[in-house]
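TrEMBL annotations:
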COMPBIAS  B:1-16  compositional bias 'Basic and acidic residues'
REGION    B:1-61  region 'Disordered'
REGION    B:93-124  region 'Disordered'
COMPBIAS  B:159-175  compositional bias 'Basic and acidic residues'
REGION    B:159-179  region 'Disordered'
TRANSMEM  B:233-257  transmembrane segment
TRANSMEM  B:398-423  transmembrane segment
TRANSMEM  B:438-459  transmembrane segment
TRANSMEM  B:471-492  transmembrane segment
DOMAIN    B:503-610  domain 'TMC'
TRANSMEM  B:512-530  transmembrane segment
TRANSMEM  B:565-591  transmembrane segment
TRANSMEM  B:615-638  transmembrane segment
COMPBIAS  B:730-742  compositional bias 'Polar residues'
REGION    B:730-750  region 'Disordered'
Amino acid sequence: MGSSHSVFSEQELNDYQDLTYFTKKEILHVFKRYKDLYEDSADENTKKTSSLNKDKILKLPELKVNPFSDRIVKVFSSSGDGNMTFEDFLDMMSVFSDGAPKNVKVEYAFRIYDFDEDDMISDQDLKEVVDRLTGEQKLSKDEMQQLIDNILEEADLDDDDSLSFAEFEHVISKAPDFINSFRIRL
Amino acid sequence: MSRDPRGDPSWRRQDEAVEMSQINPGYLDDSIGRDPNHQVINMDGRIPLDRRYSDEGTGSGHSWARYGSARDAAELISELPSRQLDRLVSDTGKSIRARRKSQKTALHGSLRGFPHTHRPTNDLTNSMARNEELMDELDGDIRTNEVLRGMSSHHLTDKRQIKHDVSEKRKERTLSRKKHHEKLGTWKHMKYRVGMTWIHFKNNLKEFGYSLELWKSLMKKVEGHFGTGVTSYFLFLKWIFLLNIPVFILTFGFVVLPQILFRYNQPATTVTNSTNTNATSYHVSFSGEELLTGGGWFNDTELYYGYYTNLKVAVPLSNSIKYDMNISKSYKKNYVEGSSTTSFYNVTRVLCGWDYNITSKQASDLKHKSFYNEMKEYLAGKGKKTKEKELSDSCKWFFIRVLTNLIVLGMIGGAGYLIYYILDKNLSESDVHIIGELTMPLVISSIHLVFPFIFARIGSLENYEKPKHELYIGMFRTMLLKGALLGILVSYWFRRLPGSVYCWETKVGNELYRLVLIDFIFILGATFFLEFIHKVMANYCCTEKLKEPEFDIGRNTLDLIYSQALCWFGTFYSPLLSVMMIVKLFILFYVKVVSCLQNCRPSSKAWRASRTHTIFLGFLFFFFLLTTVAVAVSIITIKTNVGTYYMRIVMVGHKEMVTLLRHQLTMEGKDKAYLLRKLQKVRSKKKEKLVQLGQGPGRILSGTAGLREPPEQGGKRIFTRKLAETASASMENLAANGNGTPRSRRHQKK
């Protein structure tokens, strides 16, 4: 831990502490996990500034089994292609941590589930979500359609066959288990 | 119903305004936000239909991308009544934080946008620079941080950039302000300083908490393998563990410590010469039996209430404060959030369906499977939902349920009577001393072990529609059983004991100690048999019929609650019980974690962690209230030997007095004897001298003539003093008259 501390200047650590939901110690811990993903012996400063390839990030145990891992990585990647710098990684872990308030998590959850990135969760997006959730077995076409219809019936209030952020937030805020499940601890 | 008009598709075509109340009240349509000039709600609360579908359809041309519209929508959303409730729920009540939160949401509204197309940072920097609050010299930095932290539209790198730019602008502002000799009030400075120290304190506390996070790695392992449900049990255990620590500290500080100090300050005589059986006797043999029965040696130590004076209200008070905070927070959160009028079952299952905590492949496969099965079941079942239940069917089930409930009540009643019978029979009649005393706890613990399974079986026979209901009913019945047995015990103790036994609090403490101990042993045993043996059997002998056990969250949590209730009740009578509880919980944690990881497989059923958590907290609270009430009743109605301690002190004091006086008397006696001897010597010497010197006995007589006078005042002391004076006077005379030798002899004698 001590060596990692010298990689970051005091200013940087303060900034990170102010702008994320982590304490300084936690930030250093996150950096340690990030470094371990590199699998090579580049020095720490390089690791701090350079961008890590998407494939390597997806090897993180917490993300490996997650069916939405590629979306998560894409949303938080500043270059938009899934490669993450340390700051992106830190941002991601901060949002998934216990300290992040619910509204922040809801916003990011919306972005993750919005596969076509049009700011609405359309029925295509929902189909994709369900597909990923069922794993190897798939629901039949009729069943899928019925499920989507049920969802839209419950949540879609302006009848445009897709969920806007307001509708999404309205539903998800009522779900007590959301905060517990939308969390990754490093 | 509110959704009726919308179910009919033809309705959409009608050129009719929509009643706001028919839509979910409090929901604002997107289209309203799109036109900043449009009034939110018309006078009569209707939205003209043409407005509603103006931007229908295409995604990319969506006006969400426009900065202004997103801002308005977000702002309006934050003003909704339902959001106020949200804020109320999440508010901790601290005024600074409350103020900040309201400001934050307002700021959020005005600055937040969430198109994730990468907007240049200058835009945001400029708009933030225009905001007075963020430009505030003192607080502005903190506020900017909070706003930036919550923004999802930018990445961290950009946020840092913005933060620096904004602080540059702020510095310029401050400089220009200083140039114009504007000064900020000292009040503002003070508030700022207070705020900063508070933030620093919080940060330090978080750092500290992070570094000594108890059991972190183990819990993470469990979480990764089993998900949130099982983790909630371990979190609960940890919480109770932490709850007991301040209790222990308080009891130790206020009660045990003074007692120990007092004991060490006592004069040595009372300890060693004591013949009183109630005083500390370190000589009673400390055998294993006594460890088990808690009697004997323990009786005389700090373990029992008999030693303590005042009621330490501090203990239950601190408990209840900490506890109330937690339960009200959790209850509000779950009640408010859970009680929506419409059911969002499908959306919640799908959109909150994945547990991000899972890290193991096995758990994730299981999760996929369970999701798939659940969806399949639900969709298949939905078709049948509309089938009307026949009257005879529901009648039959109603009667069955009444019958099962009666059976359950009967079982509980029977168990209660059994316990009462055992207590009444006065357990110490058996041959082996230990078994006699342990009968009651053994029977109680066995009942607690066996009955819940029977209840679960009965519950499955009752054919509830939702498994959730079955679970809740089972838990309720188990709690009823535990509560009833405890109640019977308590009422028996309070009614029968005070009259019969001298120090009945000690007896109660005794009993509770045994209960807690046996309870612990049974839990360990149950873990061993139910999980380990089950797994061994599943793997090696009955591989087809038995699968590996699942971790039974409900049963385990209820056991925890019961143990804690016992501990609370017992702390009053035997304060060190909280130490026992801490040790017990510590050991239990490791045992359970190891057993869970080694023996159990993840459950395929979903466990609604937060809702059940509220229920468990509710149970705990209920038991806590019950124990407090019971203890209060005991204090008020029974003539407790509160004075035991006082009596003991008084007794001890009296003894000491007596010893002291006796000592004094003997000393006085010795004084008298000494002086008399002295006098005799003097007389005999004088006689010799007179005989030697040929002087008559008259002189000596005259020397001692004063002695013949009856003492006028004073009595014994003055008498002895006079005696001493005359003796020394005559000795001096002798010395003056005599030669060296008698003097030397005199000296020797002296």
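Each Cβ is built from the backbone N, Cα and C atoms, and glycine gets one as well.
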In contact by Cβ distance (the transmembrane segment (B:398-423), the transmembrane segment (B:615-638); 3 or more pairs under 8 Å): no
Winner by Cβ pairs under 8 Å against the transmembrane segment (B:398-423), considering only B:471-492, B:512-530, B:565-591: B:471-492
Proximity verdict for the transmembrane segment (B:512-530) and the transmembrane segment (B:565-591), three or more C-beta pairs under 8 Å: yes
For the compositional bias 'Basic and acidic residues' (B:159-175), sequence-distant contacts whose Cβ falls under 8 Å of one of its Cβ atoms, 6 or more beyond its ends: 121-122, 124-125, 128-129, 134-135, 137, 140-141, 144-145, 148-149, 151
Averaged pLDDT, computed only over the residues in the domain 'TMC' (B:503-610): 81
Helix, strand and coil totals (DSSP H, G, I; E, B; other) for the domain 'TMC' (B:503-610): 83 helix, 2 strand, 23 coil
Secondary structure content of the compositional bias 'Basic and acidic residues' (B:159-175), with strand meaning DSSP E or B: 17 helix, 0 strand, 0 coil
